[in-house]
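Q: Just passing along the structure, written as structure tokens.
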């Protein structure tokens, strides 16, 4: 009996915590006058489905596309550059590797909003700002690479050493053993971490806002911010935009919830 | 030549290459900007000297100028308030929830996982949703508070200089609770059950058990969560952009947003670098303590 009371309290706590998400979806469904009704209605009186209209009116296709391009670019760079490093950090233990790990962890803490000034100036001098989306990809990859390395390292630690040794005895090269034995065994961890990196970059804001001047190249975060404006009263539009933007993220999250939670806990504390 | 190639395929050369790919990337795109930032903070940098390498060296003038601006003091205390209040509430709410969901009931770990839905959302969207919840006239929070009898008049969270910083803090607490709860849950799960049973047999009540068993055994975990909390809170930028933009008149401004404003809104890039340098030094200091303490623990 006590267990079901606890379950009920747990449900209430989750409900209170997730209320902002509920409020976003409910507001997105409300019509113009109902939005500004006070007291507010907690269930839309006559729901209006404006997603298609908002999508076209705010040219969300271009924003979402740019977010996808940036997030994919970041994920590919981070996977290519980071996987091997995570593996070596998990396998080799000596003083040099401690130094490398320390450096990686230190690079993880640099706040984007404070790194953007030197990045902007140096990218400008290198001519990288001619390709603003590439500039954002390069900067954001450096931001999330340490997180990827730390979380993937935790995965590689769990792959037994003996399998690699057996492969080497069988005449595999290190490269061969890494690519055909180790990486496939760590596949799940690599994929979940990559999804996390992808989601983080899909919601990136500071670099995009500062490096991308052209509207047609801006991602969805910058689009949302410019559309909100100081005097915006189109809250239904803002919430519909937000709902369209985060629904895929939430779906991916719910599907991978268990793995994301275990990946985070094993990586962040080891 | 073949030896080098052979080492790349089979020996330590392979490890070295893999490490240096990532390390090289980080050195170019993180460490270099970091050093460049320090250099720029001692130069006079504006829109005209932006693209040239030949900029006048001004020593510590930028530092003096930033620290003597009238808003520096206000923004400093805002930053302190933002960090301290965010962490106190994130930690205590997170700890409470972690203890609750650590109990044995159906669906406990699934429900606990749902909290991470907030953490995974883009912070800018979280800011947008909260700015609608906190809206003065039609915001649902004002409605709830006034129908509970907590407030009599509507609070203009985002435009009232006395409240705007707290508006951002509320949103930031919401955003940070899941991560705190998750990390603390791991610590709680690691405390052996029989320690509690033994204490209960000895007649220790729940409050005593919390202070004599839970808190001491969670000390390392709490240290990690607090230092990570400081780091994450000082990284928070998107909520300020979405909610108050540091306003009204810097009432909710903090260093990490101010630095960006100096560089990208008033184009005083030298001054923006100064604020960055000061903050990054602080963040690295906190992080070094954190990393050292976790390494130490790992070695045991």
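Backbone N, Cα and C atoms are what each Cβ position is placed from, and that goes for glycine too.
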Q: Have a look at B:113-133, B:134-154 and point to the one annotated transmembrane segment in TrEMBL.
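A: The range carrying the transmembrane segment annotation in TrEMBL is B:113-133.
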Q: Transmembrane segment per TrEMBL sits at which of B:210-234, B:235-259?
A: B:210-234
Q: Are there residues at least 6 beyond the ends of the transmembrane segment (B:210-234) whose Cβ is under 8 Å from a Cβ of it, and what are they?
A: 79, 82-83, 86-87, 90-91, 94, 99, 172, 176, 179-180, 183-184, 186-188, 191, 195-196, 199, 204, 255-256, 279, 282-283, 286-287, 289-290, 293-294, 297
Q: For the transmembrane segment (B:17-39), give me same-chain residues lying six or more residues beyond its boundaries with a C-beta closer than 8 angstroms to one of its C-beta atoms, as numbers and ranges.
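A: Long-range Cβ neighbours of the transmembrane segment (B:17-39): 8, 273, 276-277, 280.
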